[in-house]
Amino acid sequence: MPSAGLCSCWGGRVLPLLLAYVCYLLLGATIFQLLERQAEAQSRDQFQLEKLRFLENYTCLDQWAMEQFVQVIMEAWVKGVNPKGNSTNPSNWDFGSSFFFAGTVVTTIGYGNLAPSTEAGQVFCVFYALLGIPLNVIFLNHLGTGLRAHLAAIERWEDRPRRSQVLQVLGLALFLTLGTLVILIFPPMVFSHVEGWSFSEGFYFAFITLSTIGFGDYVVGTDPSKHYISVYRSLAAIWILLGLAWLALILPLGPLLLHRCCQLWLLSLRQGCGAKAAPGRRPRRGSTAARGVQVTPQDFPISKKGLGS
């Protein structure tokens, strides 16, 4: 009966997955609370202490005026104005910054440090995202498919000798390593140099960006004390698009590479067992020891499907 099948589905698959999902969220909440709550309390106490010291040094101000000034600073920050800057700082809405913002909209990163403040800008952002997000998905699909075409040679496994399979695994690992260096290692080094961050902060920004989490605590090109080249944020937006396509390519290839390494390991074990069972004899052409592990294209649907399917 349908109700029995529904209960079986919930009991067999959905319920364990739901429990694992909730437990993972609870674990993350607990660890984040332990790591960050004390630092937040220290920062809050330090801020209150600095306000009291400021009022002691400037007795012409009272607590109410101070709170009003802090409120003005917060409103300016929400609207994308850095309180450390002045009127001579570059605009947050010049073409390069606007291009960077458009990229964060269609990629759904949404740092949160900058957003439209006018009603017309907010309405346009809604319709721009409605069209831009599907367009971004289609673009990344086709870009990832083009990148995947370069892996066609190392994704054909049928009737290949063992030495060729080893070379294919090494080639795939080299491809992933070089791509990771170009996308996830070198850009954080550049960001660290330009922004004055540590490498760990640059890598954190790169991962948070390319995973489309986009907290907004680290954003390139926003420090008013630095002089950036005019195309700096535009180049960062292009890096984001290429990085998203790269991650969409390698995320399915990670399990694939692990699976192929396991296949090679099983192949070595079977050939070793075959050699011990019949020393001095070559295995028959159709035997299991001669064939090793049979791998068909159906085992790797990634080579025949488009990105994101």
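Cβ coordinates come from backbone N, Cα and C, glycine included.
The topological domain 'Cytoplasmic' annotation in Swiss-Prot covers 1-13 (among others) and is backed by sequence analysis. Averaged over the topological domain 'Cytoplasmic' (1-13), the predicted model reaches a pLDDT of 57.
Annotation comment: Swiss-Prot describes 14-34 (among others) as transmembrane segment, evidence class sequence analysis.
Annotation source Swiss-Prot lists intramembrane segment at 98-116 (among others).
Taken from Swiss-Prot, the feature K(+) 1 binding site covers THR108, ILE109, THR212, ILE213, and the record attributes it to similarity to another entry. Listed in sequence order, the residues of the same chain lying 6 or more apart from ILE109 (K(+) 1 binding site) and placing their CB within less than 8 Å of its CB are GLY103, THR209, THR212, ILE213, GLY214, ILE240. DSSP gives ILE109 (K(+) 1 binding site) a coil state; it is part of no helix or strand.
Annotation comment: Swiss-Prot describes THR108, THR212 as K(+) 4 binding site, evidence class similarity to another entry. Within 10 Å of the C-beta atom of THR108 (K(+) 1 binding site) sit 14 other C-beta atoms, taking all shown protein chains into account.
The region 'Selectivity filter 1' annotation in Swiss-Prot covers 108-113. For the region 'Selectivity filter 1' (108-113), same-chain residues at least 6 beyond its ends with a Cβ under 8 Å from one of its own Cβ atoms are 80, 133, 209, 212-216, 219, 222, 240.
A coil conformation is recorded for GLY214 (K(+) 2 binding site) in the three-state DSSP classification, outside any helix or strand. Feature annotation from Swiss-Prot assigns K(+) 2 binding site to ILE109, GLY110, ILE213, GLY214; the stated evidence is similarity to another entry.
The number of other CB atoms found within 10 A of the CB of GLY110 (K(+) 2 binding site), across every protein chain shown, is 17. The K(+) 3 binding site annotation in Swiss-Prot covers GLY110, TYR111, GLY214, PHE215 and is backed by similarity to another entry.
Sequence-remote contacts of a segment are chain residues at least 6 beyond its ends whose Cβ falls under 8 Å from one of its Cβ atoms, and for the transmembrane segment (120-140) they are 102, 105-108, 241, 244-245, 248, 307-308. The transmembrane segment annotation in Swiss-Prot covers 120-140 (among others).
Residues annotated as topological domain 'Cytoplasmic' in Swiss-Prot, with sequence analysis given as evidence: 141-165 (among others).
Swiss-Prot lists 166-186 (among others) with the feature transmembrane segment.
Marked as intramembrane segment by Swiss-Prot on the basis of sequence analysis: 202-221 (among others). Remote same-chain partners of the intramembrane segment (202-221), defined as residues 6 or more beyond its termini with a Cβ less than 8 Å from a stretch Cβ, comprise 96-97, 100, 104, 107-114, 183-185, 187-192, 194-195, 228, 232-233, 236, 240, 243-244, 247.
Positions annotated as region 'Selectivity filter 2' by Swiss-Prot, on the basis of similarity to another entry: 212-217.
The transmembrane segment annotation in Swiss-Prot covers 238-258 (among others), and the record cites sequence analysis as its basis. Long-range contacts of the transmembrane segment (238-258) within the same chain: residues 103-104, 107, 109, 139-140, 143-144, 147-148, 151, 169, 172-173, 176, 179-180, 183-184, 187, 206, 209-212, 300, 302, 307-308, each at least 6 residues beyond the stretch ends and with a Cβ under 8 Å from a Cβ of the stretch.
For 259-309 (among others), the entry in Swiss-Prot reads topological domain 'Cytoplasmic'.
Comparing the binding-site residues TYR111, PHE215 on other C-beta atoms within 10 angstroms of each C-beta gives the minimum for PHE215. The residues near the K(+) 1 site, meaning same-chain residues not in THR108, ILE109, THR212, ILE213 whose C-beta sits within 8 angstroms of the mean position of the site's C-beta atoms, are THR104, THR107, GLY110, THR209, SER211, GLY214, in sequence order.
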